[in-house]
Amino acid sequence: MASGSSNKVDDFHETSITIEGDHSTMVEIHKVCLPPNKTIFQSIKHNFSEIFFPDDPLHKFKNQKPSIKFLLGLQYFFPILQWESDYNFKLLKSDVISGLTIASLAIPQGISYAKLANLPPIHGLYSSFVPPLLYAVLGSSRHLAVGPVSIASLVMGSMLKEVVSPTEDPTLYLKLALTSTFFAGVFQTSLGLLRLGFIIDFLSKPTLTGFTAGAAVIVGLQQLKGMLGITHFTPKMQIVNVLSSVFSTTKEWSWQTVVMGMCFLIFLLATRHISIKKPRLFWISAAAPLASVILSTVLVYVLRAHTSAISTIGHLSKGLNPPSANMLSFSGTHLALAVKTGIVSGILSLTEGIAVGRTFASLRNYQIDGNKEMIAIGVMNMAGSCTSCYVTTGSFSRSAVNFNAGAQTAVSNIVMAATVLITLLFLLPLFYFTPNVILAAIIITAVIGLINYQEVIKFWRVDKFDFMTCLIAFFGVLVFSVQMGLAIAVGVSIFKILMNVTRPTTMVLGNIPGTQIFQNVGRYGDAKRVPSFFILSIESPICFANSAYLQERILRWVREEEERILANKEQDMKTIVLDLTAVTAIDTNGLEAIVEIRKMLDKRSYKLVLVNPVGQVMEKLETSRTLELFGEKGLYLTVGEAIADISKRFKIEV
């Protein structure tokens with residue numbers, strides 16, 4: 001580029017010159033620099049830190065005394081130590097109020113969700129006691145309310161019930177549920193410790209939206225058993241089987257159950273609507289489930305002589321969580337089922353918990369550490385499996401109530417756990433006459449909020465492929481099964497990633513008159529092609545998965561441009577400019593593809609020049625000696641400089 005400069009890339013950064021370009025404007029030609037030299041160890045260290053430590057979690061430890069480092073280490077693993085020294089009575093007052101509020105929701109939901117997982121109701125309360133205590137110590141979110149959730153309960157229940165009947169062999173079923181919870185915790189903790197949280201990103205938002213909506217419909221339809229008082233109900237989860245079971249057992253319908261269920265369902269939906277319209281009245285919907293449980297229990301007790309057709313929860317044993325480590329089973333024919341169920345429910349509960357935590361953290365302008373959240377949720381599930389708890393995570397509905405109630409710290413979880421403890425020790429006999437239909441109404445009310453139709457409309461407007469992914473996940477759950485629907489949706493998401501990688505975007509650039517700006521001619525109407533030049537841009541890394549496609553596509557672009565020039569009788573094309581600004585990485589297949597493209601264009605008397613390769617790409621182009629094929633006039637920093645320099649040297653009128 002500069003007169004007398006060598007062909008070495010290392011010399012490219014040493015000088016720059018100024019030439020006279022179009023309309024007598026001065027265009028400065030800059031040299032393309034190599035990135036700073038790094039040893040192999042430095043490169044590996046940099047790549048490793050970018051992949052696994054993008055948040056640089058150890059930055060607080062730099063230049064600190066050993067005692068401070070020890071304290072920071074404790075605070076890192078036990079976030080409660082970060083704020084406990086500043087805790088005061090004012091914060092406690094807010095946390096007590098919010099803790100009592102979410103407890104009023106957690107108790108009926110815990111009982112309901114345990115039945116959704118085909119477990120005895122008491123395990124829902126157990127799961128609302130130990131896990132929240134552990135999360136308060138290990139979790140980094142101030143507003144996440146921990147306990148059983150509907151989707152994880154449904155997935156666990158449906159996957160286990162396909163192999164083991166909870167009614168015919170309840171002991172084995174409980175063992176598998178606890179073992180699955182343990183494996184869920186191991187998987188979650190491993191992701192956090194190994195900093196592999198990006199794995200859960202394969203559950204894209206469209207996938208989760210469709211899956212959650214489909215699961216919500218299935219959950220709602222399953223509750224028709226309780227809402228109608230049906231005794232013999234299908235164990236299958238598919239929508240056709242559920243509806244068939246509902247209408248084939250009309251003789252079992254109980255009008256008393258239907259009337260009570262509909263009345264309380266309308267009440268719960270009305271309170272939910274009020275709280276949505278007026279967020280300050282959040283406490284109405286928060287208190288409604290417990291109020292429904294109390295009122296329905298009193299009604300059934302008072303009218304028990306006339307409500308024998310309404311089934312009730314029955315006896316619940318008082319007392320703390322019994323140890324259950326001896327029930328964990330790590331051998332036998334069902335071990336694979338427990339592992340698979342644990343991983344699937346673990347991924348879903350992680351995704352929900354972290355998403356909910358980040359949502360409320362953003363509203364209060366603080367950050368949560370995703371990897372620490374994985375460890376916290378994983379540890380509480382491992383510990384929970386040893387204390388008669390099944391899989392738990394952060395609940396959106398309870399966390400929203402916790403947030404609106406004014407929670408300031410994770411102490412609200414401790415208050416909730418203490419309230420559940422009192423219930424376990426003294427209040428369980430009061431639930432004897434609680435009708436199952438109320439639990440069904442509570443679940444239906446909760447899962448209705450999981451159907452986000454507004455998000456589906458947004459997918460349709462913004463990205464049709466995301467819309468299709470959402471629908472596939474939704475109908476996959478309804479038609480096949482919960483886990484099959486999830487697997488299909490994840491497969492579609494991965495297919496989309498592969499399509500983006502293997503079929504990257506390429507475009508023709510043109511100059512916006514009066515500027516040095518070059519943009520897509522198909523997008524900008526005033527962008528004009530430059531005579532004698534054909535400018536292409538690649539917007540993707542060039543790797544083994546797409547190098548052959550890019551080679552074919554670029555040659556096709558050239559052929560189509562030749563046909564266009566011939567049809568319009570324009571000036572012949574002489575130079576192909578390949579803009580690599582958006583190419584963030586390249587491998588050996590990509591390097592070979594560029595060499596092959598250059599050779600094929602040479603045979604057709606075209607000159608190929610490269611523009612603005614980024615650091616890693618530039619480094620590999622130089623290391624592989626690919627740049628030697630292009631010479632000193634084959635590499636430029638910008639498209640404008642390339643055109644100005646080549647135009648002058650070849651006396652081309654631009």
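Glycine is treated like the rest: Cβ placed from N, Cα and C.
Sorting each residue of the domain 'STAS' (523-646) by its DSSP state yields 59 helix, 21 strand, 44 coil. Residues annotated as domain 'STAS' in TrEMBL: 523-646.
Under the heading transmembrane segment, TrEMBL lists 172-196 (among others).
Per TrEMBL, transmembrane segment is recorded for 208-233 (among others).
Annotated transmembrane segment per TrEMBL: 253-270 (among others), in sequence order.
According to TrEMBL, the transmembrane segment annotation covers 282-303 (among others).
The transmembrane segment feature in TrEMBL is assigned to 374-393 (among others).
With a threshold of 8 Å between CB atoms, the same-chain residues lying at least 6 positions outside the transmembrane segment (405-427) that come near it are 79-80, 83, 87, 91-92, 94-103, 106-107, 110, 125-126, 128-130, 132-133, 135-137, 139, 141-147, 282-283, 286, 318-321. Summarising the annotation, TrEMBL assigns transmembrane segment to 405-427 (among others).
TrEMBL lists 433-453 (among others) with the feature transmembrane segment. Tertiary proximity for the transmembrane segment (433-453) is limited to same-chain residues at least six positions away from its ends with a CB under 8 Å from its CB atoms, namely 108-109, 111-113, 115-116, 121, 150-151, 209, 212-213, 215-217, 219-220, 223-227, 229, 257, 260-261, 264-265, 268-269, 272, 289, 292-293, 296-297, 300-301, 304, 307, 310-313, 396-397.
Sequence-distant contacts of the transmembrane segment (465-495), counting only residues of its own chain at least 6 positions beyond either end whose CB sits under 8 Å from a CB of the stretch, comprise 154-155, 158-159, 162, 202-211, 213-215, 217-218, 237-240, 344, 348, 456, 459. Under the heading transmembrane segment, TrEMBL lists 465-495 (among others).
For the transmembrane segment (172-196), the most Cβ-contacting stretch among 208-233, 253-270, 282-303, 374-393 is 374-393 (pairs under 8 Å). Relative to the transmembrane segment (253-270), the listed stretch 208-233 leads the set 208-233, 282-303, 374-393 in CB pairs under 8 A. Computed over the domain 'STAS' (523-646), the whole-number mean pLDDT of the model equals 92.
Residues 101-102, 104-105, 107-109, 260, 264, 267-268, 271-272, 274-275, 310, 312, 400-401, 404-405, 430-431, 433-435, 437-438, 441-442, 445 of the same chain lie 6+ residues outside the transmembrane segment (282-303) yet bring a C-beta within less than 8 angstroms of a C-beta in it.
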